[in-house]
Amino acid sequence: MENGKCQEDTPKELSAVPPLIKYISSVQVAGFDSIEECNEEIEPPNNPSTLRIQGNVSSSGVQSDAEFQLGNHQRKNTVSLSMPPSPVGVQLSPKTVFSTGERIPNNGTSGLAALEKPQKATLFHSQPIPMGSTFEDAVRNIKAAPHPSISRLKDRRYDSFKTCSGKLARQLTILRGKSQQQIRPDETEAQEAVIENNIPAERYFAALEGPELETLRPSEEILLPDDKTWPFLLRFPISSFGMCLGVSSQAIMWKTLASSVSTKFLHLSLKINFVLWIISIALVITVASTYLLKVLLYFEAVRREYYHPIRVNFFFAPWIALLFLAIGVPPSVASKLHPALWYVLMTPFLCLELKIYGQWMSGGQRRLSKVANPTNHLSIVGNFVGALLGASMGLKEGPIFFFAIGMAHYLVLFVTLYQRLPTNATLPKELHPVFFLFIAAPSVASMALANIQGSFDNASRMIYFVAMFLYFSLVVRVNFFRGFQFSLAWWAYTFPMTGAAIATIRYSTEVTNIVTQVLAVLLSVIATVIVGSLFVTTIIHAFVYHDLFPNDIAIAISDRKPKPPQKNWFQNLRNGNSESQNIENFLKFSGPDSKDLEACIGPKTSEGEDGIVPSSSDQPR
């Protein structure tokens with residue numbers, strides 16, 4: 001272009017190549033990289049080498065400082081990429097010019113004639129970059145696989161178990177501009193999930209199976225995904241406090257061994273008691289802090305554990321562990337504890353017992369004859385441990401009160417479990433370790449009564465002998481405790497063995513002879529080996545197998561019974577219903593002289609009763 005007229009470039013114009021050492025400014029050549037406004041239409045050049053790429057490419061050239069000295073020149077929001085006008089121009093380094101739309105003031109230093117008068121608005125070949133896509137849209141459209149832990153935190157299916165429901169989070173999401181169509185399917189499932197706060201006990205028995213009601217029945221469904229690993233807090237059960245019971249009871253046993261007169265020949269130091277006591281404190285703080293986070297973040301999961309027929313007994317475990325720490329405190333730390341500590345520690349026991357014992361007595365779905373299981377001893381043994389601590393502090397009425405309550409309910413529970421009144425069925429092999437809970441209550445009760453009376457009298461010895469008989473009746477059955485898998489709840493079954501060892505040491509102090517001394521040492525060694533073995537097994541499952549805390553299926557059961565499969569009406573007509581089959585069997589095997597009633601017995605119903613269809617021939621004539 002020259003003299004304001006639109007002209008086509010010719011090969012002759014491109015043949016003259018400027019020297020490389022000369023800087024040519026775009027404003028020194030009229031029409032460089034721009035087209036002045038004119039009414040003539042631009043025809044594309046015939047030579048392909050002279051075509052200009054529109055949209056993102058413009059002519060090349062090395063710009064001088066005069067380009068930045070334009071007066072009253074307004075630039076557009078464009079991005080120009082300089083391209084060489086000829087293949088020879090490739091030798092020149094290309095330069096990208098970015099214009100920001102700012103007005104560049106004229107400082108009067110330019111002597112070029114082209115800068116004496118303001119230039120008209122020019123039309124650039126390059127087009128601005130579209131501003132439609134934003135950074136947030138680009139990040140939202142990224143389909144990279146996130147980290148599994150981040151995915152679990154963003155999974156909305158866990159919102160129904162959180163303390164703060166996901167409704168507030170969804171409202172904030174909508175306020176940020178996220179439409180309803182962008183909500184994921186798992187978020188929709190979380191919105192539609194309805195959580196029943198008070199699940200009846202019979203629902204747990206109907207939906208779960210196993211020694212601790214932790215396995216889902218095949219016909220049931222859960223509210224949480226069963227193909228993914230849940231967040232850690234949802235997998236952290238209340239039964240984890242059993243570890244605190246096992247270690248803290250060991251601190252008491254080693255304190256008794258070091259300070260008892262009958263075991264002075266062992267020459268044990270109280271340093272072992274001090275180390276175990278420190279470990280117990282650290283373990284209690286760790287487990288309690290973790291479970292407190294679960295209470296704060298996933299309160300619905302804690303509520304479901306409380307309504308679980310077996311898990312509810314483990315809510316006594318944290319307070320029993322604190323009582324063990326108070327009893328096993330080293331003499332170097334405190335020689336005497338303030339009595340106010342006893343009232344503080346026993347208040348939670350009183351509140352829990354008023355709730356649970358009231359359910360046992362008043363009947364309903366949680367009456368003792370329906371929910372009785374060996375773990376109920378955890379709710380009983382706390383009374384005797386509290387009485388033991390209170391009597392050692394010099395208290396009188398309070399320890400007697402809790403001792404009487406514990407003894408009354410222990411006798412009822414002992415008879416109920418001894419006769420298998422709830423189910424009249426044999427306990428599975430995996431539940432055999434819970435039989436040691438039968439030893440916990442009488443062992444601790446004998447020592448508590450001895451502290452209340454001031455001596456290990458006849459009543460204390462009778463209770464102690466009951467504990468020893470139950471202990472040896474279980475120990476001699478070696479095959480009774482083989483062939484079952486590890487469970488974290490086993491820690492709650494270790495402190496009864498330690499309690500039996502402590503009671504034996506106390507008895508050997510009153511009746512000192514070689515038999516009682518050997519028995520005290522033997523039971524102490526067995527308790528220590530059991531606790532040490534469980535400790536090593538727990539470490540292996542936690543850091544090697546990584547299965548110490550699996551998904552807690554027991555808290556994720558649905559509050560609704562599964563719908564029975566609907567049978568096809570054609571199949572019903574073909575095979576007939578159960579009532580018609582029972583009638584046919586009865587008529588087939590019945591006669592005028594004899595009746596075979598067992599042949600007409602139908603299949604068992606869901607309640608466990610046999611379905612027998614009466615016939616008119618059974619009526620008395």
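Any Cβ shown, glycine's included, is placed from N, Cα and C.
Straight from TrEMBL, the features:
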| type | residues | note |
| --- | --- | --- |
| TRANSMEM | 232-254 | transmembrane segment |
| TRANSMEM | 274-293 | transmembrane segment |
| TRANSMEM | 314-334 | transmembrane segment |
| TRANSMEM | 340-357 | transmembrane segment |
| TRANSMEM | 378-395 | transmembrane segment |
| TRANSMEM | 401-419 | transmembrane segment |
| TRANSMEM | 431-450 | transmembrane segment |
| TRANSMEM | 462-481 | transmembrane segment |
| TRANSMEM | 488-507 | transmembrane segment |
| TRANSMEM | 519-544 | transmembrane segment |
| REGION | 588-621 | region 'Disordered' |
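With a cut-off of 8 Å on Cβ pairs spaced 6 or more residues apart, the transmembrane segment (488-507) and the transmembrane segment (232-254) reach 3 or more such pairs and are scored as touching. Distant neighbours of the transmembrane segment (378-395): 313-314, 316-317, 319-320, 323-324, 326-327, 336-337, 339, 342, 345-346, 349, 352-353, 356-357, 402-403, 405-407, 409-410, 413, 437, 440-441, 444-445, 447-449, 451-452, 492; these residues of the same chain sit at least 6 beyond its ends, with a Cβ under 8 Å from one of its Cβ atoms. Sequence-distant contacts of the transmembrane segment (340-357) (same chain, at least 6 residues past either end, Cβ-Cβ under 8 Å): 312, 315-316, 319, 322-323, 326, 379, 382-383, 386, 389-390, 393, 395, 398, 402, 405, 409. Highest Cβ pair count under 8 Å relative to the transmembrane segment (314-334), across stretches 274-293, 401-419, 431-450: 274-293.
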